[in-house]
Number of protein chains: 2
Amino acid sequence: MATGEFDLIRRFRDLLPGPPGDLVIGPGDDCAAFDGGDGRLWLMTCDALVDGRHFRLDRIDPEALGRRLAAVNLSDIAAMGGTPRFALVSLVLPAGFDEEASEALVRGVSSELGRYGACIAGGNLSGGDELVADMTLVGEVPSEQVIRRTGAQPGDSILVTGRPGSSAAGLAVMAYDGDTTRFADLVQAHSEPQARVEAGRAIAVSGLATAMIDLSDGLMADLGHLCTASGVGAEIRTNAMDLGESLQEAGSFTGIDPLRWVLSGGEDYELLFTAPPEAVEELAAIAAKAEECPVTVIGTIAEGAGEVRCFNEGGADVTPDDGGWDHFGSDNQET
Amino acid sequence: MATGEFDLIRRFRDLLPGPPGDLVIGPGDDCAAFDGGDGRLWLMTCDALVDGRHFRLDRIDPEALGRRLAAVNLSDIAAMGGTPRFALVSLVLPAGFDEEASEALVRGVSSELGRYGACIAGGNLSGGDELVADMTLVGEVPSEQVIRRTGAQPGDSILVTGRPGSSAAGLAVMAYDGDTTRFADLVQAHSEPQARVEAGRAIAVSGLATAMIDLSDGLMADLGHLCTASGVGAEIRTNAMDLGESLQEAGSFTGIDPLRWVLSGGEDYELLFTAPPEAVEELAAIAAKAEECPVTVIGTIAEGAGEVRCFNEGGADVTPDDGGWDHFGSDNQET
C-alpha cells in the first residue's frame, strides 16, 4: 500500500533518468523523501481506497471512510518517524455519491489528520463510475531521525506495537454475524484503524531503532519487505506473540487459529521495528508510553535475503505458506 | 482541474480547523504552498485523469496518457511560477490494462517530467473497474517569486501565451474525420498538450506579473477564476486575439466560429497573466522568448467581482453565455 512499494517503477527504474541528489529516498520505502535544505526531510506518501477492493461502499459510512483514508496515509508517515503535515485529497465520485456524502468523507479525513496537527491543503474532484478516494500526505522529520526499512542487522530484535491480527479477527467475527459487541475492540480495530503516529515519532526521537515499517499487508509480508530492503532474514517465535484475551476468545468463537490472524492478517497499521538487543528494553518502554499500547519483542533478525521463518515453543518450523494478505483477491499489484 | 479548485473544501472550510502558519497557500489557487523555512515555498498540486471523462482509453495510447497526466500537473506548477521537482503517481488499473500498458504510462509520465528535471519519487497501484491515473506533483519557487491568482488590479493588462482554442479546434477537426494532417498543429495541441513551464519561471523571475492562472477549463472560465480570486472584473477585446492561420482555416473547414474555441475551449494549458501596462512590453518579450511562442495582450482588468465581458472591434458586448468547458458533461464538480 505504501508509496515505496511501487513495483512498476522499481522494476524499470533503470530505464528512468536518475533522480536528483536532493531526492534522498525514492521508490522502495514507506515514503519518498526529499531534502528541505534546512535539516529537515520532507516525506511524501500516497494511498488510494477503491470501492469493492479496499472497502464496500454499502457497508461503510463516508466519514469512517475518510478517517480510514487518513489513517492509512498517516501510518506511512509514522513508519518513517515523521510528523504528518499537509494532505491533498483526490476523489473520483460516482453519480450516486452525493454532496452530503462527499462532505462527510472530507470531514472524516480532516478530523483524523487534525488529531496530529495535520490538515488538508487542497485536492481534486472528478466524476467516475466507481468511488476512488486517493490521498497524498506530506510529513516532515529531522534528517538525522528518519528511519528507513534498510537498516536492520543480524542479531537485532524485532518489536511490534499493539496486537497485530486484531483487524483480521474483527473482520472474521463480523462475518460470523454473532454477538460482535463482545469483540468491540477487534471490530473497531478493523473498521476504525488508527496510525501509530505518536509511537513513530518517539521511536525516531530515541535514535534507537535500526529499521521500521508499518503493517498493512500482514506481519509476515511486511517483515519480509523490511528484510528484503535490509538484505537480512528473520526468525519469529510464535510463543512470544502477545495475543491478548480478545484474539484468543475470537479464535475460540470462530474456530480459527488466532496465530493465523497475527501472522497473515492485514490492515493493522501497527509499527514493526528493529533494534540491537541492548536497546530493546528502553525502546519498548518509549514506544509503549507514547502510544499507551503493548510493545512486544517477537523475534530476531538473522542472516538471509528476505526470508521470514516462524518457530513454535518446541522449535519446530511453523512458517505459514501464504504470507500476507491480498486485498480482496489478487488484483492489488503491490508487494 | 487544479488543486486549489477544490470546491468541496472551500465550501466548508469554516468547519475545518485553521491551517498552520507555514501553509502559506491553501485551497483556492493552482497549487497549495508551504514554507520550506529556507526562502523557498514548496508547491503541491494533484490532478487525475479518469477513463471516459478526461480521455477514452480506446483512443489514446498509454504513453501519451502518461505525458498528458504529467502536463496537466506541470501546468499547475507553471501557473505559480514554480520549478517542478517530485511526483507521486497513483494508478487504479482495470483488469484489461496489462503490465506493458502500465509501463508505457509510467514511461510517458517520466519522460514529460524529465524535460524539466523533475522525476517520479514513488506511487501506488490498486485494482479497479476503470482506469484512474492520479498524480501529485511537488515543485519549488523562491518565496518572493510566487505568483498567485489574487494580485490582479484594475487597469492591469491581461496577457496569454500561445494560441488558446487550439486544443478544442484540434478535437473539432478530428471529429470531422477530414484531412487532419492539414491541421497537425491543432491535433497535436489537443492530443499532446505541453505545459508552459519555462514561461512560468521566466514570468516569475521577472517580478512583473501581478497574477497568473493556467488555462484548463477555457479562457473565459479561467480568467473568471482569476478575477474572482483577485476581487476584480475583466474586459476582453476579441479583435486583440491572435488567432493565427490554423485556427482560422479550421473555422472555415468546420463552419465553427474560431472565437468560440478561443474563449470557451478547454485543455490548452497556456498561461494567462496580468501586469501593469508599463510592464507589458518587457514581460511579453520575456515570456515569448522563454517559450518561443506568441504572447498576446487580450484585454484589461476592470473593477468588478469576477465578471468577464467580451467586446468586439465595434465595442459591442459579445460575451458568450456558456463560459467554460465542462469535461465531457456536467460530472466534473470543479470550477
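Glycine residues also receive a Cβ, built from the backbone N, Cα and C atoms like all the rest.
Heads up, TrEMBL stuff is auto-annotated, nobody curated it.
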Of B:T45, B:T136, residue recorded by TrEMBL at the Mg(2+) 4 site of B:D30, B:D76:
B:T45
Which residue, out of the binding-site residues B:D47, B:D76, B:D214, B:E267, shows the minimum number of other Cβ atoms inside 10 Å of its Cβ in this structure?
B:E267
Do you know which of the binding-site residues B:T45, B:N124, B:S216 has the most other C-beta atoms within 10 angstroms of its C-beta?
B:T45
If I take the Cα of B:S216 (ATP binding site) as reference, which of the binding-site residues B:T45, B:H54, B:D76, B:N124, B:E267 has the closest Cα?
B:E267
How many Å separate the Cα atoms of B:R149 (ATP binding site) and B:D30 (Mg(2+) 3 binding site)?
8
Cβ-Cβ neighbours of B:R149 (ATP binding site) (radius 10 Å):
25
Where's the emptiest Cβ shell within 10 Å among the binding-site residues B:D30, B:D217?
B:D217
Local backbone state of B:D76 (Mg(2+) 3 binding site), from DSSP in three classes:
helix
What number of additional C-beta atoms lies within 10 angstroms of the C-beta atom of B:H54 (substrate binding site)?
24
